[in-house]
Each structure stands twice: as structure tokens, then as C-alpha cells.
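S.K.: Below are the features I grabbed from Swiss-Prot:
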type	residues	note
ACT_SITE	E116	active site, proton acceptor
ACT_SITE	C369	active site, S-methylcysteine intermediate
BINDING	C136, C140, C143	[4Fe-4S] cluster binding site
BINDING	G195, E196, S227, S249, F250, H251, N326	S-adenosyl-L-methionine binding site
DISULFID	C129-C369	disulfide bond
DOMAIN	122-364	domain 'Radical SAM core'
Amino acid sequence: MTANAPITQDVMTLPRKLPEGGPVNIVGLTREELLAALVAAGTPERQAKMRAGQVWQWVYHWGVRDFAQMTNLAKDYRALLAEHFAIVLPEVVTRQISADGTRKYLIRIAGGHEVETVYIPEEGRGTLCVSSQVGCTLTCSFCHTGTQKLVRNLTAAEIVGQLMLVRDDLGEWPERGAPKDETRLVSNLVLMGMGEPLYNFENVRNAMKVVMDGEGLSLSRRRITLSTSGVVPEIARTAEEIGCQLAISFHATTDEVRDILVPINKRWNIRTLLDSLRDYPRLSNSERITFEYVMLDGVNDTDADARRLVKLISGIPSKINLIPFNEWPGAPYRRSTPERIAAFADIIYKAGYASPIRTPRGEDIMAACGQLKSATERARKSRAQIAAETGL
């Protein structure tokens, strides 16, 4: 861990246009942006709202990637769309499937950069963990992603594209003319992959607008959870402009320990963070905030820590997710023992808070919480990485 690592950033987000003078990528445009783009391309204003709705449904409900297949649009209008627009997703480089069914995707985005996306199937639901940045600036000492330097923000298209690619892989797009199937393989989405979502607020917000739209991908805001290490100035804005569920990467009950585990705490300490959370359930219409707490042997797992945690979150509708530390090569910590984790959970439960212990998933493919890191960073430098680092 670098003690003086930067905790703010001024990073690049690639422009939405495809290679110089090329068509505009529709993926990731909000409805308002799509409507404006259609008008700019020559769609009569009186028709633009209807046309935007039709294109939206083809792309996000049916999963169509070819304008020629949008058969309720006139042929000349399909030609206009093909001239000015494209439907472009990131590229799946590799897919690994864990013994427990977890799927990890290495996804290549513009510039040759790579991020990881994880799908976790469970009985009755499936959760997709998406990334919001290439690398991370926060250098949390227990997190593998934190050892990879920040390269850039993902665009809204690259965030939405992760969900669309996984739906491709799972065969989840509906079949036209077939009976409607209400079963959702991807029923929940968590912004808990690589990066700090609130350091990429605008793109994350716009991506979630697309994901939550009822005529397309249609994931309810109650089934979307954004995890932040505590970017305090953006928390109220998250409630008002996104309104999804909120999870806090908390992990310590004193500033002394949290400064080491989550260095952003040096800027916004525990008291400041907790004060910013008290209005979130009301502003976002969410029931409670989730506090994520990774269990590190001899670091943050004492009975005194559990009692302090309960006292700190008093008055905030909460649940505490206890996360057994998922080790990675060179990690400076060890997982707390099962007995210690159970005792910690018992103190929290007796104080009146839900305290589920997360079952590690995908450990055999390095897909568990805190283990994500681009494969090119883990292993040799590939041509894609070299190109990325030189700005190509």
C-alpha cells in the first residue's frame, strides 16, 4: 500500500464517438441523449420520441445489434440509422466458470484496456458484479484491484455493455413470438467490481438510467446496489439522481485502522461518512444501508470492534455483511477464523442488526470479493496492455 496514494482523480473517459468521424454508439445513451441524437441525424422532431422508443426496445429488450433487424421501422429509416449510429459492445476475451457456477469474464474495452465482470448464480436469483473503472485509485490494502493503478473511467456504454454481454452468454434475451418468461437469470446488479463508482459518477448514473428503464433491461432500482468506499460529496447525489441501494465498504471501527485499510478515510473519516449516510434511506426511498466488513485476522475482528460497530451505526437503518477475507497472491492479511467470524456476527445480531456471513464464491478462479484484477496486470504484459499504457 502507498501511504500517500491520491484519493481524488482527474482521469480520462473516452469520447462516445467511434473512430474519427465514425457513427455514434447507441449503447449507453440515456433516452434523452438518444432522442437528441436521432433528431440531429435527421429524424423529424414530431417522430423522434416514438422512434427513440422503438430503437430502445430493439436494443435493450430484444438484444438486437443490427438495424436491419428492426422490422417495425421503414427500410429507409433503418438505412439512416446504420449510416449515423452503431451498436457496439466490449469484447469478451476469456470466460472462466468456477466449480460453484460463478462465471468470471475478462472484457476488453476501447484502447485495449481490460476489466473483469462476475456473474454469481444462486437459487432464485443471479447477481452480476460490474466494474466502473480500469484499476482503482483508492489503494485499499486488502483489495487486489487496489494494487492495479487507475487507468481510466469506463463509459456508460462500457458499463451497460457488461450486462448485455453476460445476457448474451446466458442466452437471456427473449425470443420474439415465444411465450413471455418472467424468469431472470440476471436479477440483481452490484457495482462492486473494479473501481470506485462515485469517482465516475456521471457515467455510472447514466448507465443505471439505461439499466433501470422499464422498457429495456428493466432492473428495478431496489435490485441494484452501488458500493462506495465513502466518497462523501457524492452520496446525497447518488440518492437523488440514481436512487439505488447503497453499500459502504466500511471494514474498520476506528480511524486509525480504517486509514490503513481504506485510505480515503484520511479525507472523509468515519464520523463524516456516517453523518452523510443518515438521510440516504429517505432521499433514495431505500429501506436500509449495507455496511460491508471484511474479516481480517487480528486486525478488525475483536469483540470490541463488533461492539464499536453497533454503536457507530446506531440510528442508521442498516445491515452488516461480514465478508471472510478472500486471499490473493501476496496479500498482507489472513482470513479470520470461522469461530471468530461467528462470534463477531453474534454480537451484531444480538444488538438487533442482520449480520449475514457472505459465502465466498468463485475463489478457485479469483472471482471472489476483493480478488478482481485485470489478467494482463496479474501476468505478463500483453500487446493490449502495452498499447493501453502508451495511450493507443
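In case you wondered, yes, glycine gets a Cβ from its N, Cα and C as well.
The shown structure was predicted, so the numbers you read here are calculated from the model rather than taken from an experiment.
How buried are the listed features, and what sits near them?
M.R.: Cβ-based neighbour count (10 Å, all protein chains) for E116 (active site, proton acceptor) stands at 25.
Taking the Cβ of C140 ([4Fe-4S] cluster binding site) as centre and 10 Å as the limit, one finds 25 other Cβ atoms among all the protein chains shown.
Using a 10 Å Cβ-Cβ cutoff, E196 (S-adenosyl-L-methionine binding site) registers 29 neighbours.
According to its DSSP assignment, C129 (disulfide bond) is in a strand. Sequence-distant neighbours of C129 (disulfide bond) (same chain, 6+ apart, CB under 8 A from its CB) are T117, V118, Y119, I120, V190, M192, G193.
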S.K.: Near E196 (S-adenosyl-L-methionine binding site), which recorded positions out of E116, C136, C140 have their CA within 10 Å?
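M.R.: Checking Cα-Cα distances against E196 (S-adenosyl-L-methionine binding site), the recorded positions within 10 Å turn out to be C136.
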S.K.: Could you state the whole-number distance in Å separating the C-alpha atoms of G195 (S-adenosyl-L-methionine binding site) and C140 ([4Fe-4S] cluster binding site)?
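M.R.: Spelling it out, the Cα of G195 (S-adenosyl-L-methionine binding site) and the Cα of C140 ([4Fe-4S] cluster binding site) are 11 Å apart.
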S.K.: Measuring Cα to Cα, how many angstrom lie between C143 ([4Fe-4S] cluster binding site) and S249 (S-adenosyl-L-methionine binding site)?
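M.R.: Distance (Cα to Cα, whole Å): 11 Å.
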S.K.: Rounded to a whole angstrom, what is the C-alpha distance between H251 (S-adenosyl-L-methionine binding site) and C136 ([4Fe-4S] cluster binding site)?
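M.R.: Rounded to the nearest whole number, the Cα-Cα distance is 18 Å.
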S.K.: When a 10 Å sphere is centred on the Cβ of S249 (S-adenosyl-L-methionine binding site), how many other Cβ atoms does it contain?
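M.R.: I get 25 for this one.
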S.K.: Among C136, C140, F250, N326, these being the binding-site residues, pick the one whose CA is nearest to that of E116 (active site, proton acceptor).
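M.R.: With Cα distances computed to E116 (active site, proton acceptor), the winner among C136, C140, F250, N326 is C136.
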